[in-house]
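*Asks:* Following this message is one structure expressed as structure tokens.
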């Protein structure tokens, strides 16, 4: 049994433990961590199993949630699987976690369950007033493997829905964000069906999220994901925003990565930053 989100640890202490050497890479990492430590006091390690981008983003979103996002409140939110499956037969090839080869009805019902769970957990946690109690509720949720992985299935399905919306908008001549062109410019995902078969179905199994899929996740959640990319320290990509032109009313979550593959989370903003 592995902890999904480890207890917090002083950022610089963590950095000293991880990056002892004098190689250029180690020096750059130390500089990167020093910059993060100007804003945040601690770090929490995220379990690395190809779901870490989901885990880090969702944990941060829930631990600072004070209300249910608008898209989670909509009446037809839980009808998404039914609506999409009625229009796009190929979604029958959706790979449920540990359950390949499910029938259409089972896929529909199962994903609906995941979406209901996402709404319920988000609502419950956002209603908790005390920061300590909220943190405890998040820790507890991310210790429940069954529920945790069900939430990632919900996020994947929301990404598919967002990809379909963007693809259709582009085809009908509407303006779409630049990342959407990049997403569908790949040989392996020239349309939403390919995106599902070659990418979304594999997330958590044989791979994590690629850069362009971080944009898609941000759009699906309507959150700005701010990432300290430590290996890019002293370049203008050190702090990267997904999307890079976020809507003003989108909440922001912050992650840390050393290599764009694994993500950890910074916690406890330093007092002067808060002020």
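Backbone N, Cα and C define each Cβ position, glycine as well.
Automatic prediction, not curation, is the source of TrEMBL annotations.
So TrEMBL lists the following for this protein:
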- 49: active site (ACT_SITE)
- 52: active site, nucleophile (ACT_SITE)
- 237: site 'Linear diubiquitin binding' (SITE)
- 262: active site (ACT_SITE)
*Asks:* How many other Cβ atoms sit within 10 Å of the Cβ of residue 49 (active site)?
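*Replies:* Summing over all protein chains shown, residue 49 (active site) has 14 other Cβ atoms within 10 Å.
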*Asks:* Considering only the recorded positions 49, 52, 237, which residue has the minimal Cα-Cα separation from residue 262 (active site)?
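*Replies:* Checked the recorded positions 49, 52, 237; minimum Cα distance to residue 262 (active site) goes to 52.
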*Asks:* Only counting partners 6 or more residues apart, tell me which same-chain residues put their Cβ under 8 Å from the Cβ of residue 237 (site 'Linear diubiquitin binding').
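*Replies:* Non-local contacts for residue 237 (site 'Linear diubiquitin binding'): 229.
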*Asks:* Which of the listed active-site residues (52, 262) has the least company, meaning the fewest other Cβ atoms within 10 Å of its Cβ?
*Replies:* 262
